[in-house]
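Asker: Have a look at the structure that comes next, please.
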Amino acid sequence: MANYFNTLNLRQQLAQLGKCRFMGRDEFADGASYLQGKKVVIVGCGAQGLNQGLNMRDSGLDISYALRKEAIAEKRASWRKATENGFKVGTYEELIPQADLVVNLTPDKQHSDVVRSVQPLMKDGAALGYSHGFNIVEVGEQIRKDITVVMVAPKCPGTEVREEYKRGFGVPTLIAVHPENDPKGEGMAIAKAWAAATGGHRAGVLESSFVAEVKSDLMGEQTILCGMLQAGSLLCFDKLVAEGTDPAYAEKLIQFGWETITEALKQGGITLMMDRLSNPAKLRAYALSEQLKEIMAPLFQKHMDDIISGEFSSGMMADWANDDKKLLTWREETGKTAFETAPQFEGKIGEQEYFDKGVLMIAMVKAGVELAFETMVDSGIIEESAYYESLHELPLIANTIARKRLYEMNVVISDTAEYGNYLFSYACVPLLKPFMAELQPGDLGSAIPEGAVDNAQLRDVNDAIRSHAIEQVGKKLRGYMTDMKRIAVAG
């Protein structure tokens, strides 16, 4: 099979990369009704599979789970989760032939095997759904022409999809229809109903394309969302310890620092995160972030280039064929790093202390978010898509590190994200070592003293922070979410 994106001509590539439209709430007036009375069969019962299924059932849809015979016979975790939550469970042969919509929510590396197994069983005119388009775009999976292919991609982990639904809201979601597979022209109606059934329409839905979702998703997770956090954790910990900081304190400052810092990012973007610093610290964080952007820009661009060309995907799929040798080696090496094996600090670190003593970490977040966003936009991805795949998801990933360090992050994210994370972090750590050697007192582990600042310089820095394109689009999208949550709660 050929990489689907690479079969398109340049005009088609640019059109699909640039497809992104924020959909109005009125476009979801019919809710999930288009799928009511139809049979929806989910393949896979992991975090997305289970939690999307719970939401869809609560929205009035007929949901069941198709699992492999071995998973049922051996009563594996997927079988237990589905049955314990009261769902009908059966084999592919038992459930797929009756399905109007088959939703493939298995890991990326299983998609080809799953699709080859279920496609011959699907009835004429059925629909096939994904929550990530890797199999269609990068693998180039060929789907029968009578089958409609759609995507609903919540921009949050599965647990968050469920919790927000239970609160009467939802999570921002991308939806798309594969242009090669919409024989009856009903793809958008199916995708909208599925998104509404998960609650996504209450938080904001972007009409996108399989191509735009895949290319932006890969870029975000490899760079700022996972790769930058991993590289930053390892570099900052080693720097602190080398300068005499207690390893336990250093570990806690970093492990929980990312979450604390990005919570401000979540509420008010880079502007609010930077506003949590004193004026001297803000000026220093800005200067550091500009240095970091200059150093890391070629690395970010290389990742984007390799994603666009398909070089990244072909390399990762070669590792799949080699029993994940690279992935497993990198995972083992990460587990042995000094940061991962450091003792726990039993003392308390106050919220403001994370900001005051984490100026470098804030600079890394700012630089990484802006670089990821800028690089995606320069490659033809629309700003709204770039925002969701950079700034929006960062607090969610930072939260996984707060739970069990890098181990937890790499367990929670997909194998695709984990592989890309290692590619980036293994290149980024040595790239930034000379920069780390030139840091000043107050950049990390101690606070920058209060002092006079130049008013004109502070004004210009504040203007530069607030006028960045990601701050403009972020303010708009966060406003949509706030307004929609207010409407949802009131309703």
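Including glycine, each Cβ sits where the backbone N, Cα and C put it.
As listed in Swiss-Prot for this protein:
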- HIS132: active site (ACT_SITE)
- CYS45, GLY46, ALA47, GLN48, ARG68, ARG76, SER78, ASP108, LYS109, GLN110, GLY158: NADP(+) binding site (BINDING)
- ASP217, GLU221: Mg(2+) 1 binding site (BINDING)
- ASP217, GLU389, GLU393: Mg(2+) 2 binding site (BINDING)
- SER414: substrate binding site (BINDING)
- 15-208: domain 'KARI N-terminal Rossmann' (DOMAIN)
- 209-344: domain 'KARI C-terminal knotted 1' (DOMAIN)
- 345-484: domain 'KARI C-terminal knotted 2' (DOMAIN)
Asker: What residues, ordered by sequence, lie under 8 A Cβ-to-Cβ from ARG68 (NADP(+) binding site) and sit at least six positions away in the same chain?
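Answerer: Sequence-distant Cβ neighbours: THR91, TYR92.
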Asker: By a simple count, how many Cβ atoms lie within 10 Å of the Cβ of LYS109 (NADP(+) binding site), its own Cβ left out?
Answerer: 21
Asker: Looking at the recorded positions CYS45, SER78, LYS109, HIS132, GLY158, GLU389, which ones sit with their CA no more than 10 Å from the CA of ASP217 (Mg(2+) 1 binding site)?
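Answerer: Checking Cα-Cα distances against ASP217 (Mg(2+) 1 binding site), the recorded positions within 10 Å turn out to be HIS132, GLU389.
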Asker: Quick one: of the recorded positions HIS132, GLU389, SER414, which has its CA closest to the CA of ALA47 (NADP(+) binding site)?
Answerer: SER414
Asker: Counting only residues 6+ apart in the same chain, whose Cβ is under 8 Å from the Cβ of GLU389 (Mg(2+) 2 binding site)?
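Answerer: Long-range Cβ contacts: LYS155, SER216, ASP217, MET219, GLY220, GLU221, LEU225, ALA372, MET376.
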Asker: In Å, rounded, how far does the Cα of GLU393 (Mg(2+) 2 binding site) sit from the Cα of CYS45 (NADP(+) binding site)?
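Answerer: Per the Cα atoms, GLU393 (Mg(2+) 2 binding site) and CYS45 (NADP(+) binding site) stand 23 Å apart.
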Asker: If I restrict to non-local contacts, at least six residues apart, and a C-beta distance under 8 angstroms, what lies near the residue listed as 'substrate binding site' in its own chain?
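Answerer: Listed in sequence order, they are PRO107, ASP108, HIS132, GLU221.
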Asker: Which residues in the same chain, at least 6 apart in sequence, have a Cβ under 8 Å from the Cβ of CYS45 (NADP(+) binding site)?
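Answerer: Correct list: GLY53, TYR65, LEU67, ALA77, SER78, TRP79, LYS81, ALA82, LEU105.
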Asker: What span in Å does the NADP(+) site cover, taken as the longest CA to CA distance among CYS45, GLY46, ALA47, GLN48, ARG68, ARG76, SER78, ASP108, LYS109, GLN110, GLY158?
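Answerer: Overall maximum Cα spacing for these binding residues reaches 21 Å.
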Asker: Taking the recorded Mg(2+) 2 site as ASP217, GLU389, GLU393, identify the other residues of that chain whose CB atom sits within 8 Å of the mean position of the site's CB atoms, giving them in sequence order.
Answerer: LYS155, SER216, MET219, GLY220, GLU221, LEU225, TYR388, SER390, HIS392
Asker: For GLY158 (NADP(+) binding site), write down the residues of its own chain that are at least 6 apart in sequence and whose Cβ falls under 8 Å from its Cβ; none is a fine answer.
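Answerer: Listed in sequence order, they are GLY46, ALA47, GLN48, GLY49, LEU50, ASN51, GLN52.
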Asker: So if I draw a 10 Å sphere around the Cβ of GLU393 (Mg(2+) 2 binding site), how many other Cβ atoms end up inside it?
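Answerer: Neighbour count, Cβ to Cβ under the 10 Å cut-off: 23.
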Asker: Per DSSP, what is the residue tally for the domain 'KARI C-terminal knotted 2' (345-484) in helix, strand and coil?
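Answerer: Going through the domain 'KARI C-terminal knotted 2' (345-484) residue by residue, I get 107 helix, 0 strand, 33 coil.
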Asker: So how many other Cβ atoms are close to ALA47 (NADP(+) binding site), meaning within 10 Å of its Cβ?
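Answerer: Neighbour count, Cβ to Cβ under the 10 Å cut-off: 17.
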Asker: Pull the DSSP breakdown for the domain 'KARI C-terminal knotted 1' (209-344) and write it out as helix, strand, coil residue counts.
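Answerer: Its residues fall into 117 helix, 0 strand, 19 coil.
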Asker: Could you pull the average pLDDT for the domain 'KARI C-terminal knotted 2' (345-484)?
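Answerer: Taking every residue in the domain 'KARI C-terminal knotted 2' (345-484) and averaging pLDDT yields 95.
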